[in-house]
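Now, the feature entries from Swiss-Prot:
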- 7-253: domain 'Glutamine amidotransferase type-1' (DOMAIN)
- C104: active site, nucleophile (ACT_SITE)
- H238: active site (ACT_SITE)
- E240: active site (ACT_SITE)
Amino acid sequence: MDREEIKVAVLRMEGTNCEDETVKAFRSLGVEAEAVHIKQFYSDMIRFEEQRSVFDYQCLVFPGGFSAGDYIRAGAIFSARVKSVLRKDIEEFIKMGYPILGICNGFQVLVELGALPGFDEDKPLAEKPEMALAMNDSSRFECRPTLLKKESEKCIFVKNLKKDVVMFPVAHAEGKVVFPSGKEDEYLERLTSNDQIVFRYVDEKGDYAGYPWNPNGSFYNIAGICNATHTVFGLMPHPERAFFGYQVGRREGYGDGYCIFRSVVDYLEKL
């Protein structure tokens, strides 16, 4: 697929944020990207020229924010709206090998959708959530740079990432990765054996450490995971806020987040 043929949809609704940064990151790589309201996929109230299909795109992104005010649970309402009208389309999209990225609130949406941890390759969306992103151990909103160690070689979103440790900022109150009580060891074994743990929080020496390096108390210091096919990726930190050098205090060039977006574009060019 030629780069100019690639189309990316950044899904939005009331309360999401960083859509513009995410769109700009993709566009800077020469692909077509747009922010698309969830209603554009199903509402008859939308003008014909603004109506969209999931299959108009080769990559979907669920951005950060506080969708629907994070009422009930973070990402729950956004997920419910997607599930009610797009479940079959999303499942087919994943089976086709097209990538989906969930950033912060978007990670929460993918968990609520049952897309992550995504152990079953034949059933991309579980019937109910198999993990959760709970309130931070600090019981408050955490907003600052974090250091992340790359753990996966198979996730398509980190194929171009050469550094062992990267810096992405976090901005969340509910980012603690938790698994069902009594199944933590089982889940960890499944994730590690299939190379599904993508990033873990570390300190300035590259060692796994607790708070404040792990900003939320996530199990096993997990910051991001992918599904069994390594094409659906969710993480709490924000790579789009570290895409350009000027976002992270550099005068020129790119930040560490550049490699996330470049990796998925390179993947799509090979399809």
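Using the three backbone atoms N, Cα and C, a Cβ is placed for every residue, glycine included.
Positions of Swiss-Prot features highlighted on the structure.
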residue : record                   : Cβ within 10 Å
C104    : active site, nucleophile : 31
H238    : active site              : 25
E240    : active site              : 29
Taking DSSP three-state, what's E240 (active site) in: helix, strand or coil?
helix
Looking only at the domain 'Glutamine amidotransferase type-1' (7-253), what is the mean pLDDT?
97
Looking only at DSSP and grouping its letters into three states, which state does C104 (active site, nucleophile) belong to?
coil
